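Here is the structure we will look at.
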Amino acid sequence: MTNPQPAIEGGISEVEIISQQVDEETKSIAPVQLVNFAYRDLPLAAVDLSTAGSQLLSNLDEDYQREGSNWLKPCCGKRAAVWQVFLLSASLNSFLVACVILVVILLTLELLIDIKLLQFSSAFQFAGVIHWISLVILSVFFSETVLRIVVLGIWDYIENKIEVFDGAVIILSLAPMVASTVANGPRSPWDAISLIIMLRIWRVKRVIDAYVLPVKLEMEMVIQQYEKAKVIQDEQLERLTQICQEQGFEIRQLRAHLAQQDLDLAAEREAALQAPHVLSQPRSRFKVLEAGTWDEETAAESVVEELQPSQEATMKDDMNSYISQYYNGPSSDSGVPEPAVCMVTTAAIDIHQPNISSDLFSLDMPLKLGGNGTSATSESASRSSVTRAQSDSSQTLGSSMDCSTAREEPSSEPGPSPPPLPSQQQVEEATVQDLLSSLSEDPCPSQKALDPAPLARPSPAGSAQTSPELEHRVSLFNQKNQEGFTVFQIRPVIHFQPTVPMLEDKFRSLESKEQKLHRVPEA
């Protein structure tokens, strides 16, 4: 597999590079000149002297090297090309044809006068004038023949049979006239032999070719240019075909690789197109992601993506509402989020011992909105150990409350399932649920506690009426907790004092005090 050409800056593909090269090569093609420009192929019309002269000069050295053409020439070099174009021009050939017709007419009249078929008063004087005019015209023809031999070369002139015949006709016409004139004077019937000059009328063909050959030669030059361009295009086509074959082979390899990986491109494309519509639908506050087994590494990573809550689930971020919920249950002016599983841990509010790894006691229970408040339908206890980093950033992260939705894998450790709760303890569960919901709704209780903003404490009357009842309910819940978890001896995790404690003391009292059982070794 050949390496394709490197891509140019700007991400230009290889096909565009090749097309640009083809355009440049096409523009750089010079006008094609004729090769082996022989005398018989020269046009007889007025040709561009620059083009024809340059071609003739390029072949001039080859003409000089021929045998028998080294004799002295009066017109050589660039003048030879100019004279050659002049001798082959259409204007000269037209003039020569006209002279041939004229000399034939004059010789015919002279012959008629000499044989006395044409008689008038001054016939003999007129015949003498016609004789000298015909002799001058034949002399011009002879001079033109000599000039052709000198300019074209003797061997080129001899190779052209038509030119040899034309020269012979001129000599046979001129020689008898000169001889009769010297012997008998202008009045001699032998002048009729000069009528052989009529054979030179064939130059009419040269005049016709003078208007046809230029067009023919021009078309031949254009054809040669197109043939060269065709050769270049064929080469480019072969290169492009090879590139297409290579790319097709790579595409087949990639498709085979995707088929081995069981990747469905159509399904992925449809899923990507449906993603904006799925994200635009209203959802709960949190989104559960597939995170696999919940261990220390996945616990440290953010596997829960928070989405924007709906307007119905928006709650007031006010400490007064949290305090009122803590004592009186959920307030009427605060919204309750849709059912979700919240994991409430005691390490979320452990802001006093950031460098000590604490055992977590978590309760996973779905929250439901009931007529009198939130009611718990199921309760499962799971223990996990999370080691927090000993840094300032870890203290800040550790102080935030963990109220994220997660999927808990079933525990591999066998243990007795908790017995079903009797109906008499629903009041206790509702109380504990109120406490957990109030804690789960606060995203960052430590920051609220450190906030210097004034807090509205509950009225003494309300607190006096509520605190003993809450203390009694919490004590009952702690007893039930110890009875329910027979395997894990857990001490009460929530303690209340008879008097109304400060907010900071409440958070400190919620710290975990259970025994460190089944610790996971740190990595």
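Backbone N, Cα and C atoms are what each Cβ position is placed from, and that goes for glycine too.
Keep in mind the model is a prediction, meaning the values are calculated, not measured.
The feature topological domain 'Cytoplasmic' is assigned by Swiss-Prot to 1-94 (among others), with an author's statement given as support.
When Cβ-Cβ distances below 8 Å are used as the criterion, the transmembrane segment (95-115) is approached by residues 123-124, 126-127, 130-131, 133-134, 137-138, 140-141, 144, 187-189, 191-192, 194-195, 197-198, 200-201, 203-204, 207 of the same chain, each at least six residues removed from its ends. Residues or ranges marked as transmembrane segment by Swiss-Prot: 95-115 (among others).
Marked as topological domain 'Extracellular' by Swiss-Prot: 116-121 (among others). Looking just at the topological domain 'Extracellular' (116-121), the mean pLDDT is 79.
Per Swiss-Prot, the feature transmembrane segment maps to 122-142 (among others).
Taken from Swiss-Prot, the feature topological domain 'Cytoplasmic' applies to 143-161 (among others).
Here the transmembrane segment (162-182) has long-range neighbours at 39-40, 131, 134-135, 138-139, 141-142, 145, 148-149, 152, 188, 190-191, 193-197, 199-200, 202-203, meaning same-chain residues at least 6 beyond its ends whose C-beta is under 8 angstroms from one of its own. Annotation comment: Swiss-Prot describes 162-182 (among others) as transmembrane segment.
Annotated topological domain 'Extracellular' per Swiss-Prot: 183-191 (among others), in sequence order. Residues of the topological domain 'Extracellular' (183-191) grouped by DSSP class, helix first, strand second and coil last, total 5 helix, 0 strand, 4 coil.
Taken from Swiss-Prot, the feature transmembrane segment covers 192-212 (among others). Long-range neighbours of the transmembrane segment (192-212) within the same chain, counting only residues 6 or more positions beyond its ends whose Cβ lies under 8 Å from a Cβ of the stretch, are 43-45, 89-90, 93-94, 96-97, 100-101, 103-104, 107-108, 111, 114, 134, 138, 141, 162, 166, 169-170, 172-174, 176-177, 180.
Swiss-Prot lists 213-523 (among others) with the feature topological domain 'Cytoplasmic'.
Positions annotated as coiled coil by Swiss-Prot: 218-270.
Residues annotated as region 'Disordered' in Swiss-Prot: 380-477.
Residues or ranges marked as compositional bias 'Polar residues' by Swiss-Prot: 398-411.
Sequence annotations record features per position, and here Swiss-Prot assigns compositional bias 'Pro residues' to 421-430.
Long-range contacts of the topological domain 'Extracellular' (183-191) within the same chain, counting only residues at least 6 positions beyond its ends with a Cβ under 8 Å from a Cβ of the stretch, are 107, 110-111, 114-115, 124, 127-128, 131-132, 134, 176-177. Beyond its flanks by at least six residues, the topological domain 'Extracellular' (116-121) meets 109 of its own chain at Cβ-Cβ distances under 8 Å.
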